[in-house]
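First comes the structure, then the notes that go with it.
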Ligand SMILES: NC(=O)c1ccc[n+]([C@@H]2O[C@H](COP(=O)([O-])OP(=O)(O)OC[C@H]3O[C@@H](n4cnc5c(N)ncnc54)[C@H](O)[C@@H]3O)[C@@H](O)[C@H]2O)c1
Ligand SMILES: O=C(O)[C@H](O)COP(=O)(O)O
């Protein structure tokens, strides 16, 4: 095996080295040069760790001639194709083993040999993989945006840092979205297949023009906004739906932000660019397709799970949706018999959005730099489950960290169809202005952005990510009495509307306030209503006019849906006046259940519910504050 770029002195001879070998130097029998193998090692080309060989190319021999110790760099498994520019950087610092297409069992069997692994979307890094690593795996590097193929909780529990490359493939994905939109409108794939079968049937492939047609960009983030620019260049009228995007950003691009309903009912083409989250799962379903203009066309280069595949098939079969172009699938590969892969009105590509040479070189460099920095123990801005603070600080702040994240998560879920821009955070603390709020501020940002975007927030990137999203954050500290460092804190989002009108305070902001009780983050206030609930699991918020029987009606509905209530609090402005209920649920009611029962109440004419809004929190503990992770990396 010839290793490129080897120093002359080490050419031609295979040097066997081990971590424990006594000798510190190697001597090339040809050139006689002596080098500390460790120093030379860092400059060597790729070395195959399973053989523990570094090959020298100045002589012909390729067998062990000396045992030298090598201050080995870390060993990194490159499990999916990585751009050469990134590989070259990696091989200067580590032993890079490029072994692609490992089966899950093969990955589990090998992973304990490596300090880091670099993947794309095709490798599932499961809990089993982390367990098999026996604590050696320090970094998972995702050469792309989505990390839905990595068990983040297991990574954190095993002290493994996950980093990604969130920007380098954005343009590639946007270009692919546009390519699919154009191919769709002119039946390019079907026409090509027809000609390859020896046909010349021009009349069969009459397309539809795109100039002047309305494109709805669903998810106006990095990729969505790049698609919008390009579509405008093609003469399309571009609207966007993104409840969390800033008006300023949309205005700057000449794009009109619209409500979900308006987008669905007015667009000719749809380009999907939202992340797969609990609120976007199966977002495009029978009801949504049914409300689209007849002949609508769908392009999905986001994530397969945002479309209900069976619903799309039904819409294509009945002609309501004219065509679809899919680059992503809920399960990948989707299988040859997948109903949409075989459908004549659908064109498919095998998750190619990021597959340009430029994008892959870009993500390769981005991810290798992040992996190398992490292995060196440096803070990494694209870390997804990075530790935030030194262990001693974390012990004191942990409960408040969950409170801050939970308040951000709750507030953004209450946002209606308008943007998120002004965030006001207020801390009540005996420390007054001496309270160090950096961590709490970052956690609020995390709670907001990780609920709605693919971003992963840590102390390094929190403010930058917030700035990139156009968020304006203000903080205020009020001195309070008490023994704990934080008596309470509140998060207010300045926005024109809320999914739950009772969440608006007297200043027309979405307002949530909480505290910590027995180390558990606790929600005390929503809007102007006092509540009293622990911030975990699923909470059903309902608003009604205070009257006998409404509580029982709610309980009856949930009981009939076999959903157990863990707690229930009621708050009202006065007897017979406005009231809200916060109902803790042991299980997540499926949308159909809550939708039906909402209608059920309406049918009975007793529906006094202004809005049914589902709040959900992840587990009460933060999913990435593991204090020892960066200490491990000091080894290199
Ligand atoms: N096919 C590919 O190869 C490829 C390449 C890159 C990215 N992607 C995927 O595309 C998606 C977008 O990537 P990105 O980098 O633009 O992410 P991003 O985080 O920059 O943008 C996502 C946008 O979706 C918005 N959003 C969240 N929930 C929404 C909802 N319910 N309705 C409407 N908008 C909502 C967010 O506010 C955000 O602006 C991700 O899922 C990513 O994994 C796929
Ligand atoms: O999330 C992403 O970055 C894209 O889906 C690209 O995935 P890939 O790296 O497997 O092409």
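Backbone N, Cα and C atoms are what each Cβ position is placed from, and that goes for glycine too.
These figures come from a predicted structure and were not determined experimentally.
The annotation domain 'D-isomer specific 2-hydroxyacid dehydrogenase catalytic' is assigned in TrEMBL to 76-385.
Per TrEMBL, domain 'D-isomer specific 2-hydroxyacid dehydrogenase NAD-binding' is recorded for 178-353.
If you look up TrEMBL, you'll see 396-503 marked as domain 'D-3-phosphoglycerate dehydrogenase ASB'. Within the model, the domain 'D-3-phosphoglycerate dehydrogenase ASB' (396-503) shows a mean pLDDT value of 87, rounded to a whole number.
The domain 'ACT' annotation in TrEMBL covers 538-593.
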Residues of the domain 'D-3-phosphoglycerate dehydrogenase ASB' (396-503) by DSSP state, where helix covers H, G and I: 46 helix, 25 strand, 37 coil
DSSP on the domain 'ACT' (538-593): how many residues come out helix, how many strand, how many coil? 14 helix, 24 strand, 18 coil
